[in-house]
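Enquirer: Summarising the annotation, TrEMBL assigns transmembrane segment to C:20-41, C:47-66, C:73-92, C:104-121, C:133-153, C:165-191, C:203-219, C:252-273, C:305-326, C:332-350, C:357-381, C:401-419.
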Amino acid sequence: MPLLDARDVHGGYGGMNILNGVNMAIEADEIGVIVGPNGAGKSTMLKAIFGLLHVNQGEILLRGEPIHNLPPNRLVQKGMGFVPQEKNVFPSLTVKENLEMGAFLKPDNVKRMLKQVYDFFPPLHDKRHQPAGELSGGQRQMVAMGRALMAEPSLLLLDEPTAGLSPLYMNEIFEQVKLVNSAGVGILMVEQNAKQALAIADRGFVLAAGQNRFTDTGAALLADPEVAKSFLGG
Amino acid sequence: MNELVFFINNVVIAGSVTGSIYAIGAVGVTLIFSIMRFAHFAHGDMMTFGAFMVLLLTTAFPGAGDAFGVPSALVLLPLAMALTALLAVGIDKAFYKPLRAHGVKPIVLVIGSLGVTLMLQGLIRLFAGTSGQSLYVDDRKEIFRLALPFEGVRAPVVVTEPQLYLFVITLVAVIGLHLFLSRSRLGKAMRAMSDNPDLAQASGINTNTIVAVTWVIAGGLAAIAGTLLSLDVTFKPDLSFFLLLPIFAATIVGGVGHPYGAVAGGFVVGFAETLAVFNWSVLLRPFRDSLPEWLTQSGNLAFVGTEYKIVVPFFILVAILVWRPTGIFKGKVI
Amino acid sequence: MDTKRADTVAAPRRFPLREVVLFAAVLTAVLGVYLVMGAAYSTRMLVEASCYAILALGLTIQWGYAGQFNAGVMGFVALGGFCAMFFSMPINEAFWGSELPGELGQVLLYAIVAILVVFGATRLDRIGVPKLLRTLIAIILGVVLYLMVVNAFRGVTDQIEARAGFIGGLGLPVGVGWIVGGALAGGVGYFIGKVCLGLRSDYLAIATLGIAEIIKAFLKNADWLTRGTATVSPLPWPVPGPAEIGFTLARALYLSVTAAMIAVIFFLLSRAYHAPWGRMIRAIRDNEISAAAMGKDINKRRLEIFVLGCVLMGLGGAALASFNSMFDPQGYLPLNHTFLVLVMVILGGPGNNLGTLFGAVAVYIIWIMSAPLALFLMDMAMSLGQGLGWETPTNMDSRALQARVFVIGLLITLVLRYAPKGLLPEKVKHHG
């Protein structure tokens, strides 16, 4: 049974559909990457999965259980974590407090998970008493991912984790995504840096106009000349 | 030296008293602002409601404080706080929550809170009348006169019993709030929600719980502020709009959404008020001989008469909005 | 850019059933009042309602057109009332015949000089004085000069109060006072708007609430100017008074004046509403960011509309004070002069002039008629209360007033929740 299985998802804001039938499935230990041109509905799909957007048609299953249109806090309980693209930290809270908020629903986990997150992201341990608003962009992204990991999710949704970061940090973030995945967390991320993202992807989904254009393994999509021509800039 | 004592009595003590009351009121307003993003105009009447509950309870159980040796009003204060907190949560459920659910602009909530303030005002005055009443139903107000150990000082420093309680309770309330916000899980969640409500929700924080907790705290603090004000002078049911302006001024001075700033802002506004109505000619009296005549001739050197006291918070408000709308401690919401 | 509203988009021109029914209801109510209470009383009610309609139009352009919430209508109303009094009252010889006007003028001159000196001090850095020192000098100068001027001022005003009562009026035609009242209210509105309109909308509400209380405090305590709590009366009317032609006719004449004012205001407002200026205002209200992106000077437009609303409030307040023939600063209450107007606007239909007019008349009739009703309800509540062992309340009138406070508050919250667009909602036209 796939970890996440989205079938024929339609949805959008105020009656206007942005998603017109998206299919997506990833297994428990996989990294899924969504790429595509601007306005294709990549981030919208992520929001639909996390209950921030109404699904008008189709279904989304988490380990076989329908979860579409559940409120976010229920999804967190069910093992899903979400890292938005922007405003993804609490700026006036310290790093440690940010992480604690991630485990709000599982307060017993705090100590153990804090240690694990500090292991994933060593720089955060040094800055744990600093307000997250004072950190650099890359470190903030770590706080954001760390916060989502605190609830021990089985599936982590990342919305453009490398947006606005320098290439140096970008590689670091991709490395950390792989590291988190190797610890047994399924990942579904939206990325602008399609080539790099597909290189670490088990599954790749190329969206256009709210529908799947290509769906395959990351490596196969990278190798496909048509994908390369239309979506990866040649 | 007698002039100095006069200054202590009329500025230092009076300013601290007013400052404490504004501070506690402003903390509530700033918390509500930071969680629900609107200026809560019913806060003044919530304070009055809290004091009125104390008055009712004290009238019902005038001997409640005997066992502890403190005024009955203080012993019954926690109960009044609980009632006011209940009222605040109830008001939110009945009036503000439906508006929020409609996704209205914050200013519509402001108007809603004005409606609520009128309802509270009407109800309180319906039952309490409009005249002042003492909260010391069965107790006697102790007055402490501390003579200063200096030669030639005849006038004592005067502190009343309720003022001492007021300082202690303010201190306890501020420390308690600090511990709550920085140590407890709910307090941190409150700060998180004030920082970034969407992310708080995405972290699994139940925003309805946080809203309710905010009202409980704001209501409880409002009851404290109202009671302390009424203990210091008398319970007056018609203060609300006159309390509202200094409290809002304190909130904005401290930076909206900034509880510690609100405390500081409360004292700034409180002291500004007392300094502005203080008659400075008293302090000039010792230097009478060396000063120009026009300055000493006049018996009244106050900046504003007490009847214009409300100008002071307004002036502070305008000044801060013009020069630093984020407040002295950079608030979150402009 | 405009939010689409299903009920109004491209609606074909239909028979205005709702409007006709509501206005017919108001008309019936007015006729009923005429039948029961007599012509003199009912005409008075209509004149007051028409004055309130002017206030309500002022608030509807601020709140309805532009989304600015003014919580201090009372202050602007009081300013208008003061001007009506000050310009129309006969000249007080006891004041003008003495040397007091000269002394008052002297103090005002001192004040101007003091302001110039302090202003000059704030510019000292231009000639090389360090900024910190400049600020210090300016503050100290400001404090000392302020105390000097205020002291001199207190001396003169005490003299005026002791020897002449108050400075009296200017003996000018009533209309002058009304116009200046509108202008003065607009001026205060400009100051408040300048400070608050660029910031969160809540701040405007706070500041207007504050300025209203300050204006009231000033008018109440400046005995030399307004006789304070002693009140000034009788104020002259712009039309022949009851003493000359009888109550009903005089009030009917007064009503024709206010009705004509409403007609003119109404006409001008509808023109403005449909003009590009009005569209711009609504665009700013509905979506400030995209309006700004289109290069519209948002704050200037906002200020225009806020000042305009305040001018109308001053005008209405002046007409109201003249009609009551008495200027009583203490009679200005937030309930009667701010929240009643608010209810008129949000119940009638913010942004819809016709709806606002309807709301003003309908709410005022209910308001006036509710006093006896409230007393009756209070009686019932009291007999109920006695059964429960409450003390018998002493002054029933004050209690009845409090019951009305409660009802107005309840009405505001209920309308916001169940009829947020009022009974006659604003019709948004879409141009493609």
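Along the chain as shown, residues are numbered 1 onward.
Positions of Cβ are set from backbone N, Cα and C atoms, glycine also.
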Enquirer: Let me spell it out: take the transmembrane segment (C:401-419), skip the flanking residues so only those 6+ beyond its ends count, and list any with a Cβ under 8 Å from a Cβ in it.
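Expert: Contacts of the transmembrane segment (C:401-419) (Cβ under 8 Å, skipping residues fewer than 6 from its ends): 335, 339-340, 342-343, 346-347, 367, 370-371, 374, 377-378.
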Enquirer: Using Cβ atoms and a strict cutoff of less than 8 Å, what residues sit near the transmembrane segment (C:357-381) while being 6 or more residues removed from its termini?
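Expert: For the transmembrane segment (C:357-381), the list is 19, 22-23, 25-26, 29-30, 33, 45-46, 48-49, 52-53, 55-57, 262, 266, 340-341, 343-349, 393, 396-397, 399-401, 403-404, 407, 422-424.
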Enquirer: Cβ pairs under 8 Å with the transmembrane segment (C:73-92): which stretch of C:47-66, C:165-191, C:203-219, C:305-326, C:332-350 has the most?
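Expert: So the stretch in question is C:165-191.
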Enquirer: Looking only at residues six or more beyond either end of the transmembrane segment (C:133-153), which have a C-beta under 8 A from one in the stretch?
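Expert: Hits for the transmembrane segment (C:133-153): 106-107, 110-111, 114, 117-118, 121-122, 124-125.
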Enquirer: In the same chain, which residue numbers or ranges, 6 or more beyond the ends of the transmembrane segment (C:47-66), come under 8 angstroms Cβ to Cβ?
Expert: 73, 76-77, 251, 254-255, 258-259, 261-262, 265-266, 269, 273, 278, 281-282, 284-285, 301-302, 305-306, 308-313, 315-317, 319-320, 323, 337, 340-342, 344-346, 348-353, 356-357, 359-361, 364-365, 368, 426
Enquirer: Mind checking which residues reach the transmembrane segment (C:332-350)? Cβ under 8 Å, same chain, six or more beyond either end.
Expert: 52-53, 55-56, 59-60, 63-64, 71-74, 77-78, 81, 212, 216, 219, 317, 356-360, 362-364, 367, 404-405, 408-409, 411-412, 415-416, 419-426
Enquirer: So if I exclude everything within five residues of the ends of the transmembrane segment (C:252-273), which remaining residues of that chain have a CB under 8 angstroms from its CBs? That is, six or more out.
Expert: 43, 46-47, 50-51, 53-54, 57, 61, 65, 237-240, 245, 312, 315, 319, 323, 353, 357
